[in-house]
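Visitor: Look at Swiss-Prot and you will find 2-200 tagged as domain 'DPCK', backed by sequence analysis. Sequence annotations record features per position, and here Swiss-Prot assigns ATP binding site to G10, V11, G12, K13, T14, T15 based on sequence analysis.
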Amino acid sequence: MLIAVVGKAGVGKTTVLQYIADYFHFPVFFADRFIHQQYANGQAGYAIVKQQFGAQFVNHEAVDRKQLAQYVFNQPDELKRLSNLTKPLVQEWLNQLKAQFQDKIALVEIAVMLNYWNDYRPFFDEVIQIERDAKIVKQALKARGVDVEQVQKLIADPTYPILTVINNSTVAECALHVTQFLESIAKSDKCHHGHYQTPK
């Protein structure tokens with residue numbers, strides 16, 4: 001069973017999921033990290049960027065992610081084109097994960113799903129959205145040295161009802177709420193998660 005975890009930049013998705021992986025031992029995967037792996041020389045993502053955007057965006061080791069990001073983030077049509085070109089890679093990866101976790105729970109952080117709901121939703125059994133107070137989000141993004149307004153526009157607002165977990169307190173508290181939801185799934189007839197640990 002695959003559970004998608006979505007939310008805008010700065011809400012703490014990665015931190016919460018890493019906490020869940022470390023302390024509750026759920027398998028956790030990150031779509032962004034998968035794409036970054038695909039950007040290595042010799043991988044499909046590297047070839048796509050080089051062929052479709054030009055050799056100036058790659059070096060002998062990998063895609064120059066910083067240069068590519070500066071280019072596509074300032075041109076929405078090009079960002080959409082990049083997303084559409086890499087989408088089949090992500091979908092094939094999700095197919096593999098879905099086959100691997102038919103009777104166990106795994107979580108996948110995939111924020112871009114909110115932009116391409118119909119393309120990614122069929123791969124997941126459930127969806128969890130992480131939200132956070134706007135002031136905390138801005139502080140988190142500024143600490144990362146990114147353009148707050150630009151980054152917040154990258155991910156669309158949800159257009160469908162999604163279970164939402166608020167991350168305004170501690171990472172542990174947010175992770176607890178998520179794992180309580182996962183526990184309810186594990187206890188249902190949908191799947192069996194052999195290594196689940198009940199939050200204390």
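Heads up, the Cβ atoms here are built off N, Cα and C, so glycines get one too.
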Visitor: What is the set of residues, excluding G10, V11, G12, K13, T14, T15, whose C-beta falls within 8 angstroms of the centroid of the C-beta atoms at the ATP site?
Guide: G7, A9, V16, I130, R132, A140, N167
Visitor: Take the Cβ of T15 (ATP binding site) and count every other Cβ within 10 Å, whichever protein chain it belongs to.
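Guide: A 10 Å sphere around the Cβ of T15 (ATP binding site) contains 15 other Cβ atoms.
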Visitor: Including all protein chains displayed, how many Cβ atoms other than that of K13 (ATP binding site) lie within 10 Å of its Cβ?
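Guide: Excluding its own Cβ, K13 (ATP binding site) sees 25 Cβ atoms within 10 Å.
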Visitor: Given a separation of at least six residues and a C-beta threshold under 8 Å, show me what packs close to V11 (ATP binding site) in the same chain.
Guide: I130, E131, R132, V137, A140, N167
Visitor: Express the predicted model's confidence over the domain 'DPCK' (2-200) as a mean pLDDT, rounded to an integer.
Guide: 90
Visitor: Let me know the DSSP-derived helix, strand or coil state of T14 (ATP binding site), please.
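Guide: Assignment for T14 (ATP binding site) reads helix.
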Visitor: What is the total of other Cβ atoms whose distance to the Cβ of G10 (ATP binding site) is within 10 Å?
Guide: 21
